[in-house]
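Shown next, in structure tokens, is the structure this report addresses.
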């Protein structure tokens with residue numbers, strides 16, 4: 001720990017020296033030394049597994065409130081919706097053996113200056129972006145420059161930092177077609193593994209950071225196809241069709257998506273970050289049978305189930321990132337944002353009944369996350385990953 005802070009201090013010292021040194025002839029040597037220090041810090045961070053740890057109480061609370069951040073959606077604004085307890089927002093993630101620094105918007109903007117970042121996924125990916133927007137708004141307010149008719153895909157621009165932030169809606173990452181019977185939608189989907197969802201695939205060449213997530217839409221009947229041929233289904237139990245587990249079907253999808261990105265010839269220097277599964281915490285029923293999540297404190301590590309389907313899904317996501325890394329093509333990098341263990345411990349962080357459910361009375365939200373709340377730690381993780389890669393970008397071209 002002392003060595004970590006010593007290295008950080010040296011970095012700031014030499015950054016100042018480089019900027020204000022009166023001897024331009026020494027600039028090259030100073031930059032080389034600064035680069036070495038940055039790499040030293042990177043190695044220091046890499047010795048620590050940020051995603052293995054526990055939650056510790058932090059009475060400072062969140063870096064924003066539902067008053068200071070005006071962009072919190074009503075469905076995640078648990079305090080505005082009447083949630084009486086505030087303790088769930090007063091915890092921080094503590095990795096084993098090191099510290100996870102709080103999110104710093106200034107550092108974030110320096111890393112992403114002139115870049116485009118896209119969060120590609122479902123409504124939980126949107127939840128992640130909403131947390132990031134609140135954290136960034138203390139430094140710079142964005143301009144909303146695009147919104148589709150359903151407000152699912154959006155783009156914001158931060159002019160001072162020349163940074164573009166996008167959230168791109170997709171259910172499965174690959175092309176999906178909902179089955180229609182007698183003119184009515186069924187909630188059953190055909191997934192085509194050899195075709196990407198164009199909502200994000202068409203935008204990929206303009207993206208520098210792609211934050212992917214997937215899984216929640218797999219918990220239903222879905223049919224998988226490859227080159228027009230059915231290769232299996234989830235929850236169908238039909239004769240003549242191969243039955244697939246959720247995790248194995250998801251692994252097929254993640255594999256083809258990562259391969260697609262790796263083979264993208266028009267893409268920039270792209271860092272792809274796969275965010276692992278964000279678990280739901282319905283107790284005493286499912287989402288449509290009265291299930292709820294009314295805890296007010298985190299769980300300990302010994303209280304979570306690492307043999308659960310949630311963990312299996314997380315494991316195949318990590319496995320696929322490990323598979324693609326050794327074969328990553330030039331200008332492609334792959335990382336994992338491993339939030340599953342941390343979030344398995346946070347059944348207290350969901351809106352539950354405090355989500356303003358005017359149209360769905362009696363249904364609780366134990367999938368998304370209150371804001372502020374434990375989801376803010378995802379951005380602590382994210383900036384740590386970005387910082388690691390920024391330190392190696394001197395030679396990444």
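Note that Cβ sites are derived from N, Cα and C of the backbone, with glycine treated the same way.
Marked as active site, nucleophile by Swiss-Prot on the basis of similarity to another entry: 123. In three-state terms derived from DSSP, residue 123 (active site, nucleophile) belongs to a helical segment. The Cβ of residue 123 (active site, nucleophile) lies under 8 Å from the Cβ of 367, 368, each of these being in the same chain and 6 or more residues away along the sequence.
Annotated active site, proton donor per Swiss-Prot: 365, in sequence order, evidence recorded as similarity to another entry. Other Cβ atoms within 10 Å of the Cβ of residue 365 (active site, proton donor) number 24 in total over all chains. Secondary structure at residue 365 (active site, proton donor), taken from DSSP and collapsed to helix, strand or coil, is strand.
Among the features that Swiss-Prot reports, active site, proton acceptor is placed at 368.
According to Swiss-Prot, the disulfide bond annotation covers 48-98 (among others), on the basis of similarity to another entry. Secondary structure at residue 48 (disulfide bond), as computed by DSSP, is coil. All chains included, 18 other C-beta atoms sit within 10 angstroms of the C-beta of residue 48 (disulfide bond).
According to Swiss-Prot, the disulfide bond annotation covers 69-134 (among others), on the basis of similarity to another entry. For residue 69 (disulfide bond), the count of additional Cβ atoms within 10 Å of its Cβ stands at 21 [all protein chains shown].
Annotation note: residue 370 (disulfide bond) sits in a coil segment as assigned by DSSP. Remark: residue 370 (disulfide bond) has 76, 77, 78, 83, 88, 89, 349, 350, 351, 354 as non-local neighbours, by Cβ distance under 8 Å and separation of at least 6 in sequence. Per Swiss-Prot, disulfide bond is recorded for 78-370 (among others).
What Swiss-Prot records for 293-366 (among others) is disulfide bond, and it gives similarity to another entry as the kind of evidence. Reduced to three states, the DSSP call for residue 293 (disulfide bond) is coil.
Contacts of residue 66 (N-linked glycosylation site) defined by a Cβ separation under 8 A and a same-chain sequence distance of 6+ are given as 72, 77, 79, 80, 371, 372, in order along the sequence. According to Swiss-Prot, the feature N-linked glycosylation site maps to 66 (among others).
According to Swiss-Prot, the feature N-linked glycosylation site maps to 162 (among others), an assignment based on sequence analysis. Cβ neighbours of residue 162 (N-linked glycosylation site) (same chain, under 8 Å, six or more residues apart in sequence): 113, 114.
The annotation N-linked glycosylation site is assigned in Swiss-Prot to 182 (among others). Residue 182 (N-linked glycosylation site) has a Cβ environment of 5 other Cβ atoms inside 10 Å.
The annotation N-linked glycosylation site is assigned in Swiss-Prot to 294 (among others). Counting every protein chain shown, 15 other Cβ atoms lie within 10 Å of the Cβ of residue 294 (N-linked glycosylation site).
Summed and averaged per residue, pLDDT over the motif 'DXXH motif' (365-368) gives 98. If you look up Swiss-Prot, you'll see 365-368 marked as motif 'DXXH motif'.
Summarising the annotation, Swiss-Prot assigns topological domain 'Lumenal' to 25-397 and lists a curator's inference as the type of evidence.
Marked as transmembrane segment by Swiss-Prot on the basis of sequence analysis: 4-24.
Rounded to a whole number, the C-alpha distance linking residue 366 (disulfide bond) with residue 134 (disulfide bond) is 21 angstrom.
Between the CA atoms of residue 293 (disulfide bond) and residue 69 (disulfide bond) there is a gap of 25 Å, rounded to the nearest whole number.
In the three-state DSSP scheme, residue 134 (disulfide bond) falls into the helix class. In sequence order, 64, 68, 69, 71, 72, 371, 372, 376 make up the list of same-chain residues 6 or more apart from residue 134 (disulfide bond) whose Cβ falls under 8 Å from its Cβ.
When Cα-Cα distances from residue 182 (N-linked glycosylation site) are compared across the recorded positions 48, 98, 294, 365, the shortest belongs to 365.
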